[in-house]
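Colleague: Just dropping this structure here.
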């Protein structure tokens with residue numbers, strides 16, 4: 001019997017049920033349930049279906065005049081009736097995705113303390129480092145299977161938001177459920193409150209976090225280590241997603257824990273997976289391979305380098321050697337093109353630095369090799385922006401790229417919208433509609449020369465929900481690079497442009513459930529093949545994915561004793 005058809009036995013009654021968002025039905029409680037659970041008189045007379053409730057909620061939603069108020073309204077529904085929240089979001093996924101996550105979630109993080117209403121998730125503060133296990137046991141969620149954790153230091157492109165960063169784990173887990181069918185009862189957002197270096201927060205009397213400079217060094221490492229060990233003891237089968245950690249911590253934490261626990265970093269690996277999937281779709285539509293492309297990056301931090309390494313791995317899988325693949329990738333940061341003779345390269349940048357000998361004959365304007373110099377000399381066919389700095393894909397740069405590449409692939413991926421390297425409208429105008437554009441944040445379609453261009457949102461929400469569903473369904477103990485590569489290829493297989501030669505690069509969000517299931521199967525299959533999960537047939541994996549896919553429907557309740 002499907003979970004939503006199986007009755008749920010509850011040992012409590014009265015107002016306590018109405019205050020529990022996972023089980024509250026509001027006006028949808030039946031006459032029988034109202035009697036059995038002492039709810040008579042606590043609700044209006046009319047008994048509604050979930051669709052009737054969702055219709056009223058949407059009517060209220062449309063009365064708000066700005067996106068932040070809409071976000072707050074939806075969060076209020078989530079904190080009172082989660083099933084209704086997810087039905088509403090699923091009914092209007094394209095419209096509401098930018099409200100519950102990027103770009104609106106950025107504003108919500110900045111105003112988190114000012115707008116705080118109800119508790120959700122766990123805040124683990126450094127002064128409580130000796131009580132982490134107790135805090136985990138205080139969680140209202142007992143069967144946690146997916147955790148998203150942040151320390152709030154690098155929230156989107158907004159920097160240090162302290163505990164305000166909690167908006168990101170909450171939003172990400174909302175997408176695990178609305179896109180990937182993960183039951184909200186299995187999800188837990190966590191913020192590691194290690195202080196903040198944001199002076200505005202430290203001076204803000206409303207700031208609700210630990211009012212202290214951020215800890216670092218060994219103190220920080222020991223705190224995170226204590227957290228990881230405590231989580232593993234409490235929920236040994238949970239998938240842990242690292243989210244919005246600063247560059248100095250993101251890659252070291254991933255390298256330290258990826259072979260110890262079932263974990264991944266969405267900023268590094270999820271962004272890489274969705275970008276590679278989008279590039280594979282673009283290449284397939286052009287009847288070419290990724291290994292034939294020359295790729296320039298603006299932004300050489302952990303996210304950019306993570307994407308580049310995933311691209312190199314895919315190129316190698318297509319038949320070229322690693323050295324050749326790396327020679328076709330050009331990483332540009334604030335100091336110019338990364339070269340192997342540069343001092344102070346970070347560990348994860350070293351393998352992606354160009355050989356100085358290979359660029360010694362380039363014609364350059366100044367001492368450092370700029371992005372424009374890369375355009376004029378390397379003649380890239382793909383341009384990816386992960387700089388977090390707006391407007392850096394200038395008209396001059398895009399036109400220089402278009403001069404040597406008739407159909408340039410341009411991905412300005414920085415979030416939120418205010419940080420994007422170039423708008424799709426500008427890129428399409430500068431290339432007379434010839435560029436293939438995907439962005440990190442949502443943009444409206446662009447009208448040009450009598451055509452309407454749908455802008456693909458190269459958003460991690462296409463990838464991480466499917467990864468989570470696949471890991472959960474297979475019972476995987478690790479998230480391997482091969483599992484992530486499988487997710488990229490599975491996403492590319494869903495591309496309307498690649499499949500039909502027309503349409504958007506990525507499937508519409510209305511199809512996200514099918515996409516997530518397709519990705520989940522690919523991920524789960526590789527997990528089994530690599531021994532990260534118990535042996536299982538394809539048929540049983542597919543059935544497990546269906547069984548684990550939660551839908552926003554009310555269950556029947558029956559009374560039981562404690």
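Here the Cβ of each residue, glycine as well, is placed from N, Cα and C on the backbone.
The annotation active site, proton donor is assigned in Swiss-Prot to 101 on the grounds of sequence analysis. Summarising the annotation, Swiss-Prot assigns active site, proton acceptor to 172. Residues or ranges marked as NAD(+) binding site by Swiss-Prot: 154, 267, 415. The divalent metal cation binding site annotation in Swiss-Prot covers 243, 244, 267 and rests on sequence analysis. Per Swiss-Prot, the feature site 'Important for activity' maps to 267; the stated evidence is sequence analysis.
Burial and contacts for the listed features, if you can.
Modeller: Counting every protein chain shown, the Cβ of residue 101 (active site, proton donor) has 29 other Cβ atoms within 10 Å.
For residue 172 (active site, proton acceptor), the number of other Cβ atoms no farther than 10 Å from its own Cβ, over all displayed protein chains, is 27.
According to DSSP, residue 415 (NAD(+) binding site) sits in a coil region rather than a helix or strand.
Around residue 267 (NAD(+) binding site), the C-beta neighbours below 8 angstroms that are at least 6 residues distant in the chain are 154, 242, 243, 244, 245, 250, 302, 303, 306.
Residue 267 (NAD(+) binding site) falls within a helical segment according to DSSP.
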Colleague: Just to be sure I understand the packing, how many Cβ atoms besides its own are within 10 Å of the Cβ of residue 244 (divalent metal cation binding site)?
Modeller: 25
Colleague: Under 8 Å Cβ to Cβ from residue 415 (NAD(+) binding site), same chain, six or more residues apart: give me those in sequence order, or none if nothing qualifies.
Modeller: 102, 103, 106, 156, 157, 440, 441
Colleague: Give me the sequence-ordered set of same-chain residues, not including 154, 267, 415, with a C-beta within 8 angstroms of the centroid of the NAD(+) site's C-beta atoms.
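Modeller: Same chain, not in 154, 267, 415, Cβ within 8 Å: 155, 156, 157, 244, 303, 388.
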Colleague: Using Cα coordinates, what distance in whole Å links residue 101 (active site, proton donor) and residue 172 (active site, proton acceptor)?
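Modeller: On Cα coordinates alone, these residues lie 7 Å apart.
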Colleague: Fewest other Cβ atoms within 10 Å: which of the binding-site residues 154, 243 wins that one? Let me know.
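Modeller: Least crowded of the binding-site residues 154, 243, by Cβ count within 10 Å, is 154.
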